[in-house]
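Asker: Take a look at what Swiss-Prot says about it:
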{"type": "CARBOHYD", "residues": "Asn111", "note": "N-linked glycosylation site"}
{"type": "CARBOHYD", "residues": "Asn136", "note": "N-linked glycosylation site"}
{"type": "CARBOHYD", "residues": "Asn230", "note": "N-linked glycosylation site"}
{"type": "CARBOHYD", "residues": "Asn242", "note": "N-linked glycosylation site"}
{"type": "CARBOHYD", "residues": "Asn313", "note": "N-linked glycosylation site"}
{"type": "CARBOHYD", "residues": "Asn328", "note": "N-linked glycosylation site"}
{"type": "CARBOHYD", "residues": "Asn343", "note": "N-linked glycosylation site"}
{"type": "CARBOHYD", "residues": "Asn375", "note": "N-linked glycosylation site"}
{"type": "CARBOHYD", "residues": "Asn388", "note": "N-linked glycosylation site"}
{"type": "CARBOHYD", "residues": "Asn424", "note": "N-linked glycosylation site"}
{"type": "CARBOHYD", "residues": "Asn479", "note": "N-linked glycosylation site"}
{"type": "CARBOHYD", "residues": "Asn480", "note": "N-linked glycosylation site"}
{"type": "SIGNAL", "residues": "1-17", "note": "signal peptide"}
{"type": "TOPO_DOM", "residues": "18-557", "note": "topological domain 'Extracellular'"}
{"type": "TOPO_DOM", "residues": "579-613", "note": "topological domain 'Cytoplasmic'"}
{"type": "TRANSMEM", "residues": "558-578", "note": "transmembrane segment"}
Amino acid sequence: MTSLLFAFSLFLSFSVGSIFPFSTSNGPAVNDTLQNAIRSQRDVSKPIPIDRVGFSGVSLSSFFESEGYSSDSLSNLNGLLKENVDGVMIDLYWNEFTSKWQLCPAPFPNNITYTTASNRIVDVSWNNKTYKCDPNLSTDNIMSILNSFIRDTNTDVEANFMHVMYNLKSIHYEKSNQTISLENIYKEKNSNLNVVGMDTLNDTVSLLSSYIFTPTLLKQYQSTSNKYTNSSSSIRYIDSLNETQAIQDFYSQSTILMPSLQTVLLTQYKRLMVHVVTNDMAESSRSYQISSSDKDTIFFNSDLPASIFHTDNASADELCYELSDAYNRTDVNIAEFNKVSLNATLRLVVDDDKTPFTTKSLSKYVRCGYCPIFNSTEYSSQKVTEGNSSIISREFASNLFWSWAPGQPSGPDNCINCTRPTTNNTSKHSDDNGEEEEGNNIAYKCVALTEEGWEVSNCYEKYLFACQNKLSRNEWKLNNSTKRNYFDIDDDDCPEGYFFSLPRSNIEMLSLMTTVKQENVNYPIWIDLNDITVENCFVSGGPYAQCPYQETVTTDKFVRMIAPSFVVAMVVLVLIFIEKVFRKTPIQTNRKRYWKKAIQEYYAKNDYEGVPS
């Protein structure tokens, strides 16, 4: 019975493990290297204004066009969000017949019955095009997925900042005698009919309202920051500036004063912005009128301009060429880089089926300040499931980072195509007797800049090191005659007004790489980034900088962790209780009765009085 009980408990533990898994991921598992790259680039960018923090996004139009306008077409979205896709571009249509915002580009005939059944696909036509649309599909389907992802990642370690981008369009018709028949077909006849769609722009994102960084919050921040600037107008000496103050001072010169990623994400606990990046609504008396409530929630071009470029023309490449060649024999054209760094603009580059992104073009766009939006229908051709990552992740994961080289961050054993020194540049160190001897120490804990990007390198190697101007973030100095190992680098090794630092944005990164070309020095070059104190927690501030994170377990994760063990333990206790109370061993029962009867018969035959002699 005991062996049977053990076997049953073992079987039950496996069964419960399948019911209450430790991981409840509904999408592909993100590998550790990619996760570390995402988190470390986010951490490095914390002091940078949120509009200049790079991100990548997807256009949902490509999903809808290839699979139809239904909730099934959104099945890949959750998986993409886990793969470093932080933006969602949505084409939103104002239906002039119903006065509703909808996702389908065509109006629905008024004889369609609206039911709660999901995926009820119908063929609808408009402007000589036919679409497959679900009348029940609305922006709530998209926002529910975003809301679920935000709640699952709402910790200091996992939280990222996201963007919802609207392209506003119209389902428009000209009012005339000939259009009366159109109104009879598409205009709702029953005012009590529950037509799917949203009345206002604000309603389209209402599910995410508690997570949205709004124009109202921006105005409050600007008001507070202006008061602080006015109250602290005393002259600061350069030497007294810490890095955070230096970054704030530089970006306070921007065309629009924006808060940092640190302020929005980890102080105000806001996770996304909503932008109207294009407004192509037809001018009409039936057109949607943007309200003050919309303006309080959603960013328009008057609040934060958006510039959209397309891969099918050369306009996006012009800026990249200008910045890459912004140097001559004597110096780097810092003004060109500062003009981009201080211009508060959302720069987007969108591809298509004819000119999709390549790994080379994508890296170029990301490095020169663009946010790529994947719009080609080939990205939606394959389902994203557990163990089956998206095409974007498989082909472009390494190219979505302006910082890390492909395959990084990773140690020497797992590194692919890493730049490793071919000569022994390890430093000398003193032994216990104070004598200097050649060191053979190896510690792949420090980060160096290579031609491909950042790489984890041996801290004891002697490289050049990057010195950044405290007051001008795009101005760098590289002393070609001085090499140090990471532990020996000090701010005093940099020229006056400069300090040992690292790029914190794509433009700062490009300005440093341009300086390398202008000064004609060799890679690798040390930057102020390491994971010495805690593995895979990359921090700046020298070798003694501390990791800001502690291992945290959310309530949901804790419940999932203990549920299998708790259920198994309870079942085992119940079985033990049943065994003790209800079960009797027949052999033991018979033995007890036999000896009791034998003793009674013995005393009956040998009944004494007194003490036997």
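Glycine residues also receive a Cβ, built from the backbone N, Cα and C atoms like all the rest.
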Asker: Fewest other C-beta atoms within 10 angstroms of its own C-beta: which of the glycosylation sites Asn136, Asn375 fits that?
Answerer: Asn136
Asker: Take the topological domain 'Cytoplasmic' (579-613) and average the pLDDT across it for me.
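Answerer: Summarising the topological domain 'Cytoplasmic' (579-613) by its mean pLDDT gives 66.
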Asker: Could you state the whole-number distance in Å separating the C-alpha atoms of Asn136 (N-linked glycosylation site) and Asn111 (N-linked glycosylation site)?
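Answerer: Asn136 (N-linked glycosylation site) to Asn111 (N-linked glycosylation site), Cα-Cα distance: 15 Å.
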Asker: Relative to the Cβ of Asn242 (N-linked glycosylation site), which residues of the same chain, six or more apart in sequence, are found under 8 Å away?
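Answerer: Looking at Cβ-Cβ distances below 8 Å from Asn242 (N-linked glycosylation site), excluding near sequence neighbours, one finds none.
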Asker: Going by Cα-Cα distance, pick out whichever of the glycosylation sites Asn111, Asn313, Asn375, Asn388 is nearest to Asn479 (N-linked glycosylation site).
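Answerer: For Asn479 (N-linked glycosylation site), the spatially nearest of the glycosylation sites is Asn313.
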Asker: Of all the glycosylation sites given, namely Asn111, Asn328, Asn375, Asn388, Asn480, which is spatially nearest to Asn313 (N-linked glycosylation site) at the Cα level?
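Answerer: Going through Asn111, Asn328, Asn375, Asn388, Asn480 one by one, the closest to Asn313 (N-linked glycosylation site) is Asn375.
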Asker: Taking every protein chain in this structure into account, which of the glycosylation sites Asn313, Asn343 has the most other Cβ atoms within 10 Å of its Cβ?
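Answerer: Comparing the glycosylation sites Asn313, Asn343, the most crowded Cβ belongs to Asn343.
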Asker: Quiz question: given the glycosylation sites Asn111, Asn328, Asn388, which has the greatest number of C-beta atoms lying within 10 angstroms of its own C-beta?
Answerer: Asn388
Asker: Cα-Cα separation of Asn480 (N-linked glycosylation site) and Asn343 (N-linked glycosylation site), in Å?
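Answerer: Counting only the Cα atoms, the answer is 32 Å.
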